Every structure is written in structure tokens, then in C-alpha cells.
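Positions annotated as domain 'MacB-like periplasmic core' by TrEMBL: B:20-233, B:425-630. Per TrEMBL, the feature transmembrane segment maps to B:21-43, B:271-295, B:326-349, B:369-392, B:413-436, B:667-690, B:711-733, B:753-773. Residues or ranges marked as domain 'ABC3 transporter permease C-terminal' in TrEMBL: B:282-394, B:671-783.
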Amino acid sequence: MIKIENLEKVYKTEEIETTALNGINLHVKAGEFVSIMGPSGCGKSTLLNVMGLLDKPESGSYKFIDTELLTLNDKERSNFRKRNMGFVFQNFNLIDELTVFENIELPLIYNKVPTVERKRLVNEIIGRMNIVNRSGHFPQQLSGGQQQRVAVARALVTKPKLVLADEPTGNLDSTHGNEVMELLCELNETGTTIVMVTHSSHDASFSNRIINLKDGHVISEKINKGKTEELI
Amino acid sequence: MFKLNLKIALRNLWKNKGITAINIGGLAIALAAFILVMMYASYETSFDKENPNYDNIYVVGVTYPEFKTNYVAAPLATAIKQNFPEVESAGLITGSSFELTIKNGNNTLFTKNILVADYSAAKILNIKPNSGLLRPQGDDRLTYLSTESMKTLFPNKKDNKPEIVGFGASNSGITGTIAGAIKNNTHSNFKFDGVSIASELGKNDNYNMNAYTIYLQLKPETDVELLEQKINNLYKAELLKSNKVTDVKSISTFLDPLANLHLRPKAGNDAAYKILIALSTLGILILVIACINFTNLSIAQAAKRGKEVGVKKVMGAFRYQLTTQFLVEIFMQCLVAVVLALMLAELVLPSFNHLFQVQLSIWHFHNGLFWQLPLILCVITFIAGIYPAMVLSGFKPAMVLKGNFSTSKQSYWLRNGLLVFQFCIAVVFIISLLTINSQLKYMRTQDVGFTANQVVYIKNLTLFNNPSKLGSVSFEPLREKMMNIPGVKSATVATYIPGGTNGVNSYSANGITANIDFVNVEFDYFETLDIKLKEGRFFSQKFKTDNVNSAVINESAVAKYGFKNPVGQTITGSGIDYKIVGVIKDFKSQGFESIVQPTIYTINDPHGDYKTQIMVKIEESRMAEVLATLKSQWSQINPKDGEDFRYEFLDELYGKLFKKQEQLQSVFFAAASLTIFIAILGLFAFAKYITTGRIKEIAMRKILGANDLQIFKLINKSFFVMVLIANLISWPLAYILTKKWLETFAYRIDIPILPFVLSALITILLTIITVTVQARNAVKANPVDALKYE
């Protein structure tokens, strides 16, 4: 589904030039659950941002089901993103002024889904995520785990082909963290492709494949045997 | 989508209630000021606009070497009408020269202003009596009284029929007919207590009698410049033909549109226009300051909205959608501010009307607010909102979602620049206000050269001219009767009182001929006004010749004619050789704006104006008693004036010369207070954001050993520097402006340094207090909490 070749990304400040991605090659199949690991500053988040079309690389190719995405303009990128991708962030990034229901509804509004259909989809995902009794609450009124459930619900409500998760359990305790990971696994089992950036080997163990980055290079790839068999 | 954005906006505003209140409140106050100024400006610029021929009406004026005037000779109107087909109609008007008493039984009306117009002028100027405009037959006049005047004389009158009334004192036996009522248009240059319409005016006048103002109604598409030239040539030719004037080179005519008449007539001063421009500028500047607050606070708030922008962008929002969303939010706040501003303006309007002597109303359809307000709303939304909207919508999602909210260097400079700009305006206003105060204090305390205190000016219809003009009598019996009242120190009569305009006439002396001011007086004039003698003597009954050909001149006249030893010299005017018997010190009869004019005082003047202005000096302790006696005995003291004793205090009349400047002082006081208030409001909110943003830094510094004072200093430093820069920028500007204003006075203070120092002290002090109050919370907070929070 995803073919990334020779991806390069350089950050320039007035004095320093930092190569964040240095000739990255990466293929992700549909339905796969891929974890990206590596030390701080190795380029994990940059790679995820490029995959989510939130950042532009200097060179390389990024194909999503045969569509080259790096040649798209801002408007096309925005359109592609909202139709095909969902995001889960470490710090949840829920809008404080909106309720749980409204936060989840937001991507559907941008996708111009009619009101009735929108309500149905939001209610459906709220039920699935087990947060029905929280739908009228504001984010500050929820625990971290609950907030991340809402964030996951928001990422999934548009039924994206790809979910990009940036340290989804980074701000959670182990119990809530496990809950979120199980949620992602369930999603993956229903066919959603997931790419997750994580520091945690425990979280990575939930995925099919683990890619290790260092200094902007892919230094190793590890197949998670138990999970791969499941996939096969 | 709109609903959701609305929810976000409302919840956001509610969450930041304090800042929202400051933002909307500050804008509402500024808008209220702006609305008042706008209403005033459109009122002042639309006098007589209801006249259907407004754009085609012109006044004919004459330029002499020394001055310009709208008073011209009546025959010129006829000549213009006969010679130029592009002139549709030409009419004449003039005013009555003194106060008239009209009586109906026990009801008395004192008319100050009866407008005398010929039929053509009444038509041109749209002067319509309630019963319709009629052309009087032959030499008859049709006199109409304003609706208010009619109510005074005939409280129960319902019809429009003519009425017989008495003129002057009850015993005068003079009667006349009032043809009906006429509505007075307060929004017109032509205000009156009554109108007297003649079929024709000035029929027997010649080109030496400049007693009328000519109004022309031109045909549309007339080339005004060409006509102006043609009238100029015609006037010169007519003057030469009349043999009244031989040198016409230095005389020319001009046409002045009706639109100029109220604010900047060519023959007159344009002070009202300048005040209007100053006022409009103030209104705009106050609004700009409030808009700056908006912009600054919105950019400062950007950090709080960063996450929202990031999330929305990740979900596929386009930049224009976000820009629109923020603009709509700012629009909503501006809308609330407009509604509040209207309420505020309504509250302040009575005081405003009182200050400017107008009758403005927000709910008057013709004031143009119904289309101006929506326009202003859109403009301020755009000015205050476009930059923050662009900054917010331009956030890079990958950055802000990681918590990096730093706005660009440009926006940092813009924010500080705007803050400096706000304080620049405030500083200019403070300096201007303090300078105005100093000049007014100088005017109030400076010796004007005469004493108006305890002098009562009595309004009077009897003429006391010497030699006798038609119907005039000697002042001596009147003086004797008044001097018999205990408490009266002295009494006199003159053609003009200090504070009014003097007459101008040509006098020759020492080989020099010049137009100088003249005042015809009676004995005790100088004593009553306590005017200082420089050399010689005042007029005295002991000298028989004083009634005939003695003159007193002032120091300026001595200088004008270059006299070395003026007393005993001769000065010739109105066909009389006057002997100068005394020189008085210059006194500021025209206030502080005009320089003291060379002036001659004589008792005898065959061509002078009516000597009617009685002045009586009364002992302060017996003032009430004397006034009561004068009132009760007035018909015996001054039988020709009748039973109606009317007076004013001379110091109050003279004080009216200061009124315009006092008005300006009030306006600047309001403007300076408003700008300071709004700027401080903005600073207050801005400082809050700055300290909130530095809360972690403050906590770290405290942990590392900084004390409270050091931290206060740290936070205040940047604001202190900004306000100091604002002062430095403003000083030259304020210097130029106040210098220009002071130059409008003939007698003025030197530009004082104190306002400049005070402006710096006031702004710096207010800034430090405001910032310190805001920083206090951050400084007093437990550093551990701040770090945990972070």
C-alpha cells in the first residue's frame, strides 16, 4: 500500500543543517501493523509526519496505492489526508472547547458527511470505544486513557485506510496504555493499516513488523513472528 | 461547520472572560467616541443640505487689501442678474442690528436675530413661512416669527392668521403686523427669531453702501470660475461708473459656495473646520488604538489556539477556512462592541450635545449611521482581524501539535511596534492636554489690561449718540439717575463692549493713513473698565472740547502712526480733526488670539455706529441690591427702552472668547483619558500573556535564587523600554503640534518642558503599575507548581 523510496529530509536553521531522514526506503502492505522505533532524534516522528503529509521531504518518492503523494499541492494533500488517513497523537490533541462528541464529529464535517450520517457514525464509534456516557464531556473532564480513546475514535470515524499513531501511550500509565494498544490491535484485525512510532518495546510487540531507525537511516527490520502468522 | 466554529469561539471567549471583556469593552468605548465624532462631523458638514439647490447656491464676497467680507452693495445683485444668464436668481439678505422687544399684552419677546431677506433670497434659501412664501406688495414687508417666538407671544394661537403686536417699550406706541409663523431650521446657517421679507431690498442704495449679502442660485453646469471672473470685472466697472471708488486694482470679488458657509467661509475664520478635522483625527486615532489592542491580544492568544489549528489542519481544514473562522470570531466580537458602543454613545450624548451646543440623536435616520456602522464594523474587523487570522491559520500542524507555538519574529516586532504606536498617540495627547491647560491657565491669570469684574452690561434700545442721530438722546440724565443708586460706582455707554468686534475706519495722522479700530464712548468709559492710562488724561466733563474733538488712542495706535509725543497731536477721521488728549495702555479687548489693534476712542463721531451698550460698575457687596433697584426703576431711568431690564455680566461675556479653547480642552481631556485608558487596558491584557508565557522561566529563576524585585524588574524591563521609545518618538511630534496650536494665539506661553517630562512619568508609572499587577501572580506562585504545570 505504501512505497517510500530514497526519502530525504533536512532541517535547516541559521547555523546548523540537520539531516532527519537520510535515504529512507520503506514498504507497508495493506492491513499491516508497523512499529517504528529508535532513539530520540533518529527521525521517527519526521518520517511519520511525512507519511501523514504534514511535512514535505527534500527528495524521494512516496507512493500510496500507486499515487505519488510528494507531487501534490497543499490543497490536494489536505484532501488526500482527510479521505485516507487518521491520526493519534501522544498528547491526544483534542480541542478543549469541544465535547467528546463534537471532537469526534470534526473530521466528518471536514469530509462533508451529511448531518444524519455524521450522528450515526459518531454514535457508532462512541459505542465501539465504550465512551457513550462521556460523549457530552469536555476533554479536561476525562482521564488520559479516556482522552486517548476519544482521539482514537476521532482517527477512526472516517474509516481511514491508514492510521498513523505517534507514541499513542506516551502519556498514559501502563493499564491505560495497554487498553489503547489492544484497541489498535482490534482495529488492525478489522483491516486498518497502522503505522506507529514508539519508544516502548512492549507497545511494539503488538505490531507485525518493527523498523529501527538511527540518524535518519533504517538500520534494521524485525518481523514479529507471532503477529505475522496471525496476519498470514 | 459554522455551528461548531461558533461553539469553539463562544467557549473560547467565555474561558478568557477577562481578556474578552477588556477587548470588547475597550473597542466599545473607542467606537462610542468614534460614533459621536462621526455624527458630529456629518452634522457639521451638512448644514442647509436639505435645500434642493444646495450645490448651485453661492455667496458673492469682496476682497479688500485688509480683509474679506460678505457684505456688498445691493446694486451689484441687480447688475449680476441683468448681465449673466447663467444666474438663475440673485437675492439679498441682512440681519437686524440690535435686540428688539415685541409685545402682545403681557407677553414679551426679545428678538436677537431678525433675518431681513428679499423675496428672491427667501426662495433661494428655501425660507418658507408655514402659510407659504408670498411676495409682499410694493414696499410692504411680511414679518414672520419663528414657531418658538410665536408660542411666547401667542401661547394659545392655533391658526395661521396675522396678528398685531407692539414694538419696543409699551409706551412707544409703535405697532406692526406679524404675518404668521415660520419653522426655524436649527440645521441651517440661517437661524432666526423671525424673518422679514421684502419684495425688493436696497432699491435706493449705491455702491458705497455695503449693507447686504448677495446669494446667487446658478443654473446647473455653470462654469463657476468663469462667472467669478465675469462678476469681478463687472463689479470693478460698476464701482468706477459710480464714481465712489477710483482705485479698484486692490479690490476683487469671489464666489463662495453655500457648502462652505458654516465651516470655512472665505470671508471668515475656519476655526470650526480645524476643530472638526482635529476631532475627526482624534476619533480615528482612538479607534485605531482599540483595533491595535485587538490585533495584539489576538496574536498573543495565538499560542492557545495553536492546537486547534493543528488538529483542524490534520483533519483536512484548508487555510482559507481557518482564516474565515477567525475573522468571523473577531467580527462577532466587533458586533457586540458596536451594540455596546451605541448604548455608551446614547449615555454620553447629552453631555456631548451640551459641550458642542448641538442636538444630535443616534436614532435620527438622516445622520447616516445606518449605513456607516455596518461599514465601520467590516473595516475594523478587517483591520483588527486580518493579521491575527493569517498568523493563526498559517501555523504548521506538525510543529504546533508538538507544542511549539512560537510566533514568528515579524509578529514579535509587529506586536511591540503596535504597543509603541499606541503609547506614542497617548503621549502626544497627554502633552497636548497639558500644554492646552498651561495656555488656558495663562489666559485666565494674565492681566488683560482692563477689569470686567463687577461690570454689568445692560441691553438697551435707546441711542445715546453724540451728535444726536435720529431719535437719540443724551446719556447724562441716565448716568445721573444711575449714579444716585447707592453701590453704583460709574456708568458709561459705548458703541462696542470689550469682547465684541470694534468698528473700522480710516484715520490719518503724522502723514500716515490707515484703517484702525474705533470705539465711540462716553465719559467714564476708561474708569468703568479700569483701563490703565499711559500718558495724558482720560475724557473729562471739565473739558468742554472732549465732547467735540478729543481722542484717546492706545499704544498700538501710537506705534502705527509713529508718534513720538502723541499727546497734543492731531488725528483726522470722519471729517474731524481730533486732538489726542491721552494714551492708554493696550488692553486685550479681543482676547488672546488676536493682537491688540490700533484703536481710537472718541466721544464725538458723526459717522459712528449706534451708541447703545451701557456698562455700569457696581460695588461687589451691593451687586444684588443694585440690580434689583435698576430692574424696578428701569422704566423711569431709561424711559425709551421701556420696562424690560436686561443685563449680562461683562466678565461672562468676555469669558465667551475662551469658550472655543475650553471646548478644545474638554475634548483633549476626554481623548487623552480614553487613549490612556484603552492603551493601559491593552497593556494589562498583553502583560498577562507575556507573564503567563514566561511562567516557567520565572519559576526557574526563583529556584536559582532570584528575589521578587529582580523578577519584577525583569518583566518590566521590556515594557519600560517600549514606553520610553514611545515617548522619544512622540516628543518631536507633540512639539510641532503644540507649537502650531500656540501660534494661533497672539499672546501665548513659551512651550513648557513640564508636559514632556510629565507625559514620560505618567506613561512609565502607569506601565510599571499595570505590568507589576499582572506579574504579581506569576511571581507569588509556588515555582514547583509552575514547573509541574509545564
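Using N, Cα and C of the backbone, Cβ positions are placed for all residues, glycine too.
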Recorded stretch that, among B:271-295, B:369-392, B:667-690, has the most CB pairs under 8 Å to the transmembrane segment (B:753-773)
B:667-690
Among B:20-233, B:282-394, B:671-783, which stretch has the most Cβ pairs under 8 Å to the domain 'MacB-like periplasmic core' (B:425-630)?
B:671-783
Given a Cβ distance threshold of under 8 angstroms, which distant residues of the chain, six or more beyond its ends, lie next to the transmembrane segment (B:21-43)?
187, 276, 279-280, 282-284, 286-287, 289-291, 293-294, 297, 333-334, 336-338, 340-342, 344-345, 348-349, 352, 356, 358, 360, 362, 367-369, 372-373, 376, 380, 384, 670-671, 674, 677-678, 681-682, 684-685
So what's the mean pLDDT when you look at the domain 'ABC3 transporter permease C-terminal' (B:671-783)?
86
Taking residues 6+ outside the transmembrane segment (B:711-733), which of them lie with a CB under 8 Å of any CB in it?
416, 419-428, 431, 683, 687, 690-691, 694, 698, 701-702, 756, 759-760, 763-764, 767-768, 771-772, 775, 778-779
May I have the DSSP-based helix, strand and coil counts for the residues of the domain 'ABC3 transporter permease C-terminal' (B:282-394)?
98 helix, 0 strand, 15 coil
On the DSSP side of things, how many residues of the domain 'ABC3 transporter permease C-terminal' (B:671-783) fall into helix, strand and coil, could you say?
95 helix, 0 strand, 18 coil
What else in the chain is close to the transmembrane segment (B:326-349), if you only count residues 6 or more beyond its ends and a Cβ gap under 8 Å?
2, 5, 9, 12-13, 20, 23-25, 27-32, 34-36, 39, 294, 298, 360-362, 373, 376-378, 380-382, 384-386, 388-389, 392-393
